[in-house]
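Asker: Below are the structure tokens for one structure; questions will follow.
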Amino acid sequence: MAVTNSNIWLLLDKLLSIPSVSILIHCTYINILYIFLIFFFPPCDSMFLFFLHQNTVTEQLQKGYAKDQIYTYVGDILIAVNPFRNIDIYSSQHSKLYIGAKRTANPPHIFAVADIGYQSMVTYNSDQCIVISGESGAGKTQSAHLLVQQLTVLGKANNRTLQEKILQVNNLVEAFGNAGTIINDNSSRFGKYLEMKFTCGGTVVGAQISEYLLEKSRVVHQAVGEKNFHIFYYIYAGLAEKKKLAHYKLPEYRPPRYLQNDHFRIVQDFMNNSFYKSQFELIEQCFKVIGFTLEELGSVYSVLAAILNVGNIEFSTVVSEHMIDKSNISNPVALENCASLLCIQADELQEALTSHCVVTRGETIIRPNTVEKATDVRDAMAKALYGRLFSWIVNRINTLLKPDKLLSGNDDGLNIGILDIFGFENFKKNSFEQLCINIANEQIQFYFNQHVFAWEQNEYLYEGVDARVIEYEDNRPLLDMFLQKPMGLLSLLDEESRFPQATDQTLVEKFEDNLKSKYFWRPKRVDLTFGIYHYAGKVLYNASGFLAKNRDTLPADIVLLLRSSENNLTRQLVTHPLTKTGIALAVIFLFFSSLPTCGPIHKFYKYPGGRYLVTFLQYSLMDLLSKMVVGQPHFVRCIKPNNDRQANKFDKEKVLVQLRYTGILETARIRRQGYSHRILFANFIKRYYLICYKTNDDPPVSPETCAAILEKARLDNWVLGKTKVFLKYYHVEQLNLMRKETVDMIILIQACVRGWLGSRRYKKIKEQREQSAIKIQSAYRGFVARKEYTNAKRNKKVEESITRLQASKNCLLLWLLMCCPCAIC
């Protein structure tokens, strides 16, 4: 066996499990040996570090980062440090290295996580879940890309078209769901759970996306230094290149209101951007490859252009005869453009924006909207259109990627889920969006803690396995402060949103009066501000706009108007009700089927009255966790090496903070002292009995049988519980290797036997063929001989007849000569 870093550290880890050896760890000579080894044989797994100190792990990551080794294992968890540049370790040659390979055979890699998840799915016939976490800008989205790429290679789709479709999904949804922020140029502004569908044999047959908590408010407002969703810039540059801006009513000189910021002061700033042009072509190609029609694509562009034109509508104050302030549209051109793109009447749109209906005692009263109210309605319309367009695209993708015949017979299919969700955020000014994002990250951290620490230790206790208890930072009390009813922060926000007279100031005061928790505090002499001690650090939130953003109401007048549109897509966007998670209901439909254009609103459109965005947040978290807990989880922890997004810059303090709050050190300790694989006796024996027993044996399901197999494999440091075998991750690799060797030998023996039997059959058939050939030859020779004999006999008779005839003729002539000599003359 070759001497490798992994082998050396694996041997030392086994030595450390011996009490008499572990005592020597503090001796001077052992320390010197450790320094020697860490210098010349740096371990690729942090759990092999003797001194699991935060500085030691940080130094190990820094040394790897300097050599472009951005991946490190902590037991079965992968740490990925964002290099902020392209590294040539993702080619097809690298991909092949990790297919079915032993984990220690290659350097740590994201492809190895994909392979482990895939092999676990096929081996144990169970769903898998890969959770990618980290703060914003740590590289989660790119990691998700690479996982999907490798899984499509492993899944070996029956047709290349399906593989291309799945690979295009991420590019498409990121164009609509990602945006540039202060700390990340490609920040996910929604949560995405991608489920790849496989047969039980491991062939990929489709995919499905679940989207959560799209940041719709970004459509109408972006913080200083930030941008709108990518797709708006892409279509502007792409349509300008195709000379189609006029067709979609987009201005060629002044940017639309929703795109105006410090980055883009004139339209040419993004019209002439070569990157945006190339991305537009890429997204258009994605639409076509996945299966969208050209008519659907045109409708999508029309809705996006309509949203930008909605933002350009401006209002002015008009004093009515009753001295009531009402609004009037001061630029009818933008109104006409928007109405034309949505295929609705401009005068009806103006009425819906500048007035609203109130039903009192059966009588409908039309009341004018103030400029402020009209502006809110305009922005609500834009946000609703974009949010529902995004949901429609996701639902359409799911329809197009749904397997034609998911599976036949008893094959129920298997899934590998990949979670890519917005990372933890802490800006100079944090608002409602950051609160929702950070609560979602708290839930993911809780899930990680529960799986790695709590559930594992509870299982040790239940199975009677002696394992040391690891202390970790439990964020359960903080989650309770957010989610509990009726006095949790979200419940209080939901309650305050129901009061028309409530303000953001009363909301903060309600938080201060009711949240009696060490995780909440209120800075003195700072209005509308409160602080939360998150697992990743303390964050100050500015509550300005919290209530308005939480309500996020869309007036019924706007809904009725959009339902009257002559454009099928526009009607569909407001026809289907919202789910509990706040997204448009996924309904199986034909794109250009006839849809009702009239009827009572409550029949076709049901806006969740009394349910606000925080309610959607809670249901979204419940739905996401319900999907994740079904599968066996695998974790990828993404680390951001610096805040400047610079390559080759490693900020130790920055990395150290992330290691602390993500629980990496505690994870390494529990992985060293614990057992990452726990397999039921029956499943263990069914899979590995060939190592110890004959193929025709039927060993009993018992701890003794499991022990016999493990002893035959010459493994140590394993434990038998009441119902399960507890193994280190390297135990499973060794067992799988030995099983593969045994199965390979069986296959070789079977091949030899089949070859010998085939040779015998061939020899027998050959002899039979030779005998048959001899018989055929003998019969043919007999036939030829008989034919020749017959011919000879017949020829002889003919010759004899000719001879007799000639003799008779001669006799006749002689007689004539004798009887009448004169006749001859």
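Cβ atoms are placed via backbone N, Cα and C, with glycine included.
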Asker: Write down the single range among 368-390, 621-643, 667-689 that appears in TrEMBL as region 'Actin-binding'.
Answerer: 621-643
Asker: If I take every residue in the region 'Actin-binding' (621-643) and average their pLDDT values, what number comes out?
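Answerer: 91, rounded to a whole number.
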Asker: Beyond the listed site residues Gly134, Glu135, Ser136, Gly137, Ala138, Gly139, Lys140, Thr141, identify every same-chain residue whose Cβ lies within 8 Å of the center of their Cβ atoms for the ATP site.
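Answerer: My list of surrounding residues reads Asn82, Asn184, Gly423, Cys638, Lys640.
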Asker: Would you pick out, from the binding-site residues Gly134, Gly137, Gly139, the residue whose Cβ has the largest number of other Cβ atoms within 10 Å?
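Answerer: Answer by Cβ density within 10 Å: Gly139.
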Asker: Under DSSP, is Ala138 (ATP binding site) helix, strand or coil?
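Answerer: The three-state answer is coil.
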Asker: When you measure from the Cβ of Thr141 (ATP binding site), how many other Cβ atoms are you left with inside 10 Å?
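Answerer: That number is 22.
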Asker: What's the number of neighbouring CB atoms sitting within 10 A of the CB on Glu135 (ATP binding site)?
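Answerer: For Glu135 (ATP binding site), the count of other Cβ atoms within 10 Å is 24.
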Asker: Would you list the DSSP helix, strand and coil counts for the residues of the region 'Actin-binding' (621-643)?
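Answerer: In the region 'Actin-binding' (621-643), the DSSP-based counts are 8 helix, 8 strand, 7 coil.
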